[in-house]
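Record features (TrEMBL):
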type: DOMAIN; residues: 7-280; note: domain 'UvrD-like helicase ATP-binding'
type: BINDING; residues: Ala28, Gly29, Ala30, Gly31, Ser32, Gly33, Lys34, Thr35; note: ATP binding site
type: DOMAIN; residues: 281-553; note: domain 'UvrD-like helicase C-terminal'
Amino acid sequence: MSENLLSSLNESQKIAAQHIDGPLLILAGAGSGKTKTITTRLAYLISIGIDPASILTLTFTNKAASEMRERAFNMFDSSIINRLPLLCTFHKFGLLFLKFHMDELNRKNNFIIIDTDDKKRVLKSMEKDIPAALLVSEISKYKNSLLTPTEAKKNAQLKLYEQIAQIYEDYENYLEKNNLVDFDDLLLLPYKILKKNENLAKQISQKYQYIMVDEYQDTNELQYRLLRLLCSSHNNLCVVGDDDQSIYGWRGATIKNILNFSEHFENTLVVKLEENYRSTDTILNHANQLIEHNRDRLGKKLVGTRVKGDAIRVYESHDENEETRKIIEDIKSLINSGENPKNIAILFRVNALSRSLEEGFNKAGLNYKLVGGMKFYERSEIKDLIAYFRLLTNSNDNFSVKRIINKPKRGLGKTTIDKLEAKSIESGKSIFDLIQQLEADEISSLVGKKNARTLKVFEASVLDLKELLSESKMKFLDSFEETFDYRASYDNLPDGFERQANIDEFYGYIRDYFIQNPNLDLKDFLNDIALESENDDYSGEAVSMMSIHASKGLEFKKLFIVGMEEGFFPLTGDGSDLEEERRLGYVALTRAMDNLTLSFVHSRFYKGKRTSLVKSRFLTESGLIKGSLTIEKQSGFKKGDLVSHKIFGMGRIEKAVNAGKDYKLTINFGGTHRDILSSFVEKI
Ligand code: ATP
Ligand code: MG
């Protein structure tokens, strides 16, 4: 069996797949079979008798994890093994770990995961003047670089950062008090637990004797340290990655992890893969041309193994509507000629670009999947339901109570909620416990008689449902809607129909979850969907649309990339990093197997206004269109030429660009720069 398994690998891939003990680094370019090699290695280890439960494989997105599971689990006969190996995202692993070991931090394991949007709301309630987005990202940075609030305070040099560090401390206390964990905690808390408990670290490391990580270039300091602890007793860590595809610098990922791997882990075997099996030669050549513009890279060899293939198409459109029309026409004819929609994808750098595409797909009646984009679970009606369910599983969850206490409307105003919260802080009890424990007249004196009555009714409903939940999950779901009339509250609202459709889908989904997983409870459901919403959601035979970040590790026969304009791609502005943008470009181009179309427009409607745009420099850098020099050639005007103008006199051309039928020249008239159309000047 093991021989068969390896027969589809090339020699270097075989060496890697058969490497059993000791650290292993597979460093190679896109489409060279890195993922194939580690999934085969996983099957190989099992085929030679290694206990599947002792193998742990980690990756970044749910979609990548499920694709790898499919690839690997098809390679061995799962009936002969009693347990499947664990193959999941870093965050899922953290979640599973915390379920078992949260008590090490003196916290209960009925914690609830909060997403970025929740995090913003918590932070907003603590601090009004500093933008929540800044707080979210700074706190995330602190956590991922393992800084405690005290250390963050000490390091702060500016007043603003002192304030942020203080909010970080308050935020951490809030999470602990309400037993909430954010996404960063899913990695940070396991690290803390293992760090302070050497025996446990040893035990876990002995449990997972073989650890593999895909896309290692995107790990950050925290993930590296966690991995170190996980493999402390054996160093059987196999990682694969590509420095040219490091695209999470903004989240603290450090390319150093992959560059220094051999120093971090002694006696590392390094395997390089140099053939690309995914893309046609044409696609590969243009991708290589693009990435060569980056200075900060190892520089790897990557040669094609496939046919030359069709030329890459570049679409130029007036605006996003024309762009969408062209792409939809193409996709329709692909599907008509027999292409399976799941082999087709559209990528974009900026999520907002999906809107016009979605509209076009809906009009054309074409099926599509938006992977990781506008998240179902981020819709407010769904978040409300989730908040209800959270309250039902954890009465300490003030955060959720505040969200739904007046939804559907019960006549409880902001003042009432503020009073309850103030009392909750003062007494150290959660809002729900307060409502429950205070006598009716005590609540009346706090919020008035009418509100007190409403709160008591609310309390009784929640308690009834809780009891029902402990008896039967299905009965609970039936009664839930009856009790709160949540769905009904959207009757006759302008967008009620769509919201009710979402609510129905959610109710259907949760029922299905309990049918599929009869042993899991509502808390498990909440935690699972929290992870899903952060990453991605993907299934079925539909055209995929996704951000380039979400497309990492995937491949599609027919690929479209939209929004190839300066500002959108490369994304420019505060904190943007051109080399990282270019790596994103490389990731995007190398997702294509057979056909690739890139598209740019002259203007887009974005953030409430129409903006004029210029095509992306990446089109030139990848050799797909000629640079502005050719414009100069076409126009007969080039940089340095002397020209004369009726009024401004003699000047020298600095730049020439397209401007409709004409050319726009930037001319230096004795120190004054003016933009003049070429038809108004004469060459000397
Ligand atoms: P990325 O960097 O994008 O994650 P990767 O290096 O992980 O790419 P894979 O996804 O494993 O590459 O492989 C790319 C494609 O090449 C897949 O379709 C895979 O089946 C195919 N492939 C890999 N190795 C071989 C091989 N030795 N022979 C034939 N096909 C191969
Ligand atoms: Mg891969």
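Placement of Cβ uses the backbone N, Cα and C atoms for every residue, glycine included.
Where the annotation comes from TrEMBL, it is an automatic prediction and has not been curated.
Remember, predicted model here, so these are calculated numbers, not experimental data.
Recorded features from TrEMBL, shown on the structure.
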{"residue": "Ala28", "record": "ATP binding site", "Cβ within 10 Å": "26"}
{"residue": "Gly29", "record": "ATP binding site", "Cβ within 10 Å": "25"}
{"residue": "Ala30", "record": "ATP binding site", "Cβ within 10 Å": "25"}
{"residue": "Gly31", "record": "ATP binding site", "Cβ within 10 Å": "27"}
{"residue": "Ser32", "record": "ATP binding site", "Cβ within 10 Å": "28"}
{"residue": "Gly33", "record": "ATP binding site", "Cβ within 10 Å": "23"}
{"residue": "Lys34", "record": "ATP binding site", "Cβ within 10 Å": "26"}
{"residue": "Thr35", "record": "ATP binding site", "Cβ within 10 Å": "22"}
Select, from Ala28, Gly33, Lys34, each of the binding-site residues with a Cβ positioned under 6 A from at least one atom of ligand 2; if none does, say none. Lys34
According to DSSP, folded down to helix, strand and coil, what is Thr35 (ATP binding site)? helix
Listed in sequence order, residues not in Ala28, Gly29, Ala30, Gly31, Ser32, Gly33, Lys34, Thr35 with Cβ within 8 Å of the centre of the ATP site Cβ atoms: Asp242, Leu273, Asn276, Tyr277, Arg278
Average the pLDDT scores across the domain 'UvrD-like helicase ATP-binding' (7-280) and report the rounded value. 92
